[in-house]
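Annotated features, as they stand in Swiss-Prot:
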type: BINDING; residues: Pro527, Leu528, Thr529, Arg534, Ser700, Asp744; note: glycine binding site
type: COMPBIAS; residues: 984-994; note: compositional bias 'Polar residues'
type: CARBOHYD; residues: Asn255; note: N-linked glycosylation site
type: CARBOHYD; residues: Asn311; note: N-linked glycosylation site
type: CARBOHYD; residues: Asn342; note: N-linked glycosylation site
type: CARBOHYD; residues: Asn394; note: N-linked glycosylation site
type: CARBOHYD; residues: Asn451; note: N-linked glycosylation site
type: CARBOHYD; residues: Asn478; note: N-linked glycosylation site
type: CARBOHYD; residues: Asn498; note: N-linked glycosylation site
type: CARBOHYD; residues: Asn690; note: N-linked glycosylation site
type: REGION; residues: 971-994; note: region 'Disordered'
type: SIGNAL; residues: 1-23; note: signal peptide
type: TOPO_DOM; residues: 24-570; note: topological domain 'Extracellular'
type: TOPO_DOM; residues: 592-648; note: topological domain 'Cytoplasmic'
type: TOPO_DOM; residues: 670-828; note: topological domain 'Extracellular'
type: TOPO_DOM; residues: 850-994; note: topological domain 'Cytoplasmic'
type: TRANSMEM; residues: 571-591; note: transmembrane segment
type: TRANSMEM; residues: 649-669; note: transmembrane segment
type: TRANSMEM; residues: 829-849; note: transmembrane segment
Amino acid sequence: MAADGFVYRWLLFGTTIVLLAEAAQRHTASDNPSTYNIGGVLSNSDSEEHFSTTIKHLNFDQQYVPRKVTYYDKTIRMDKNPIKTVFNVCDKLIENRVYAVVVSHEQTSGDLSPAAVSYTSGFYSIPVIGISSRDAAFSDKNIHVSFLRTVPPYYHQADVWLEMLSHFSYTKVIIIHSSDTDGRAILGRFQTTSQTYYDDVDVRATVELIVEFEPKLESFTEHLIDMKTAQSRVYLMYASTEDAQVIFRDAGEYNMTGEGHVWIVTEQALFANNTPDGVLGLQLEHAHSDKGHIRDSVYVLASAIKEMISNETIGEAPKDCGDSAVNWESGKRLFQYLKSRNITGETGQVAFDDNGDRIYAGYDVINIREQQKKHVVGKFSYDNERAKMRMRINDSEIIWPGKQRRKPEGIMIPTHLKVLTIEEKPFVYVRRMGDDEFRCEPDERPCPLFNASDATANEFCCRGYCIDLLIELSKRINFTYDLALSPDGQFGHYILRNSTGAMTLRKEWTGLIGELVNERADMIVAPLTINPERAEYIEFSKPFKYQGITILEKKPSRSSTLVSFLQPFSNTLWILVMVSVHVVALVLYLLDRFSPFGRFKLSHSDSNEEKALNLSSAVWFAWGVLLNSGIGEGTPRSFSARVLGMVWAGFAMIIVASYTANLAAFLVLERPKTKLSGINDARLRNTMENLTCATVKGSSVDMYFRRQVELSNMYRTMEANNYATAEQAIQDVKKGKLMAFIWDSSRLEYEASKDCELVTAGELFGRSGYGIGLQKGSPWTDAVTLAILEFHESGFMEKLDKQWIFHGHVQQNCELFEKTPNTLGLKNMAGVFILVGVGIAGGVGLIIIEVIYKKHQVKKQKRLDIARHAADKWRGTIEKRKTIRASLAMQRQYNVGLNATHAPGTISLAVDKRRYPRLGQRLGPERAWPGDAADVLRIRRPYELGKPGQSPKVMGANQPTMPMPMLGKTRPQQNMLPPRYSPGYTSDVSHLVV
């Protein structure tokens, strides 16, 4: 129930709104007049009768006439005298309060009378609808303020011309027009409309020549001379019937109406009695149907009044030509309602532009045949589905001038062309001729600087990929050429400049493109990249080589320094290894020094105990293990030190193995080819200070970076680094001044194949192609394109690639260079040899120091030996004297008392252990006389011994006598001790005891 109540309330609300609207409409309608007089100024009685009949029928058409509204007609006959016409309008139409006036006139009577009606009615703001006036003057709303017409003006035929040119693909035309208002209007309409029209189509027509003539011609010969020298053979002509006869007559005499020429004329010229066969013209549909236009004008008026009644109050029309009725505001608003009408009438779709001129008017395309027969070959009419005008032409039915069925090219095709090129290896090589040269080589072509005034400009020869292509192209499509170099050495880019008096900036091209745009050259044969900016102003053939953009860089190389052999380890690791060697050596020494088992004595041996590991031996051991050298002596003795030694040996094995592996990786293995991964490399997108990239300023690559929004940051960075030419940039890449050069892939691949140190990085991006540039609308475009396609199919382009771009032998050598393992040379290992040299020099230096030190030590030792010898000699002398005195004293004692006996221990025996160690051991200081007889004899001097078989003199009587053997037989003479080893002698005087 709630839902039903909601619906009921909405229905009640809607009904109330409708009733209120109807009430408001009834109120408005009640304030508006119920009768409307429509005036007619017509050319004949039939038109007057048809006008009255149409209004009567209108009153019964509820679609256009509201209830209680009635239309009445008020007509007068159009008078040839415009002044009389003005009076008739005031007396017979305005006095009857006409709300609008429909005007027609005879085509032969001129436009003065319709203009008089327009002036008079416009002065009182009464709308006027013309059905036959087509002059351009009626479009001027400053004069004809309230004039509309159901027929288009003559100059609207320019719109149809553009459609026809687009249909036939003509790109260059000559416009012929009279110097009157309509002639200049059609030229202005063509130029204005073409600027917006060609935004929606691919083919753009340009005006090569404009020929303006004074009406009422007597001769057109002078203009024909200029037309004949022009390139275009398509003529768009606006002329009256009389002037067209003169033009066709003179053009026929110059053979400009025959084969190869195209004439497209307006309606008036189509009716000349000498129109040549093959001429195409336009004819307005329903142009002479006054009845149809009368009906359409009446219904347009009724439609406007009906809408105005529903929206506002219409004031009464002026009643007389007095001053009191000058400002009729309702008439001005009614004129605006009329301009907004769009209905389907008897003459087609009826609508108006801001000037009140008919739009959507249909035309027939007429082809003149033999005996001036007019044959309709097409229509320009309104398409209801697309809600716009559409051109339909049956090309097969057209007979062109010269009775040709094939469409003319519309242009005079020159067979001798001005061809421009530019130095760009390997596509174009430029060589200056020597002083003794007079011609180029067979594979070269002369190529002077374009428009150069210097006499030396002709001393250049060109060869290369593009030159071979040009030679073959000229043979294939049969043309001759003059080859020249770019005047400024640039491909060309546009500069925005402000023309005098212009509100907007216009593009002005430089370089090769500028020469082509300004029509100073016919063709560009060079590595010219196809891009949208250039294609807007020049024509391109199909690409003769497909390519893209890539990055050129120098292959990364490790710098081979004197310490290259140290590269496998970082500096930190080397320092740690050096420190570890000495730390381990120190710990080994300490472990061996303080271990209770660090020193021991060999069992069953008279030798001293083996010495412990000292610090120098520990260092020697640590280095020996690390360097994998044999250790002969100085090894640890304790178990703890030996455990550390084994761990150190394992450490040394790992370090040496790692060093060996990394040394191979650093010095022998293949180096990486590139440093950059491509255009998406983060180092390029966020350019760092140590990474510079650039391209050629004003080039197609430069334009590409300008277009790409995602590369804007990168472009702003590289813009300051851009070069004037690609050659300069490539040289800087080789020198290492530029890290990345971004350019066309064809050129960079060529450079990389020529120099093994250069390489292209990443994949191609910005793919495009090289094309041959021609003028916009050039007749050679299709022929050049077809020839290039044939070259691709026949393999000719592939042959040029192999010959000029991919140098097979150079590339093969680069591949062999890359595949061959890198070998270590002196540059890599020089540091090792220097290290050996330093070791040798250090050893020599140390031995010199040792020799010098030893000499100093020997000199010191000699001085000590001399002093010791002198002391020994002095001591010997003293001891000898003491010995003699002692002997004499003993002899005296012996002589005094034979029974006196000396204690054996009173005489000391000094032995030189250094010279006679064995004797020193057996005759130690603890042994004294008497002793072993043999020992006594061995130490006595010869003069103290008796003769063989006798006892010594020193023996007492109480002592047993022992026979002595012959010394000469039992003891060799050399075993006799020297005098200083006699009893009582010692080298140390302090030990001498007598």
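From the backbone N, Cα and C atoms, a Cβ is placed for every residue, glycine too.
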**Asked** What count of other C-beta atoms do you get within 10 angstroms of the C-beta of Ser700 (glycine binding site), across all chains shown?
**Response** 24
**Fill in**
The number of other Cβ atoms within 10 Å of the Cβ of Asn255 (N-linked glycosylation site), counted over all protein chains shown, is 11
**Ser700 (glycine binding site) versus glycosylation sites Asn311, Asn342, Asn394, Asn451, Asn478 - nearest by Cα** = Asn451
**Item:** glycine site, defined by Pro527, Leu528, Thr529, Arg534, Ser700, Asp744: further same-chain residues with Cβ within 8 Å of the Cβ centre
**Value:** Phe491, Ile530, Asn531, Ser699, Ser768, Tyr770, Gly771
**Item:** Whole-number Å value of the largest CA-CA distance among Pro527, Leu528, Thr529, Arg534, Ser700, Asp744, listed as glycine-binding
**Value:** 16
**Item:** Spatial neighbour of Asn311 (N-linked glycosylation site) that is closest, considering only the binding-site residues Pro527, Leu528, Thr529, Asp744 and their CA atoms
**Value:** Thr529
**Message:** Tell me which of the recorded positions Asn311, Asn342, Asn394, Thr529 sits in the most Cβ-dense spot, judged by other Cβ atoms within 10 Å.
**Reply:** Thr529
**Asked** Taking Cα atoms as reference points, which of the glycosylation sites Asn255, Asn342, Asn394, Asn451, Asn478 is nearest to Asp744 (glycine binding site)?
**Response** Asn451
**Item:** glycosylation sites compared (Asn451, Asn478) - highest count of Cβ atoms within 10 Å
**Value:** Asn451
**Complete:** Looking only at the binding-site residues Pro527, Leu528, Arg534, Asn342 (N-linked glycosylation site) has its closest CA neighbour at Arg534
**Intrachain C-beta neighbours of Pro527 (glycine binding site), sequence separation six or more, cut-off 8 angstroms** = Glu424, Phe427, Val428, Tyr465, Cys466, Lys545, Asp744, Ser746, Arg747, Tyr770
**Asked** Taking the Cβ of Leu528 (glycine binding site) as centre, how many other Cβ atoms lie within 10 Å?
**Response** 29
**Prompt:** Which residues does Arg534 (glycine binding site) neighbour through Cβ under 8 Å, counting only same-chain ones at least six apart?
**Reply:** Ile513, Leu528, Phe540, Ser700, Gly773
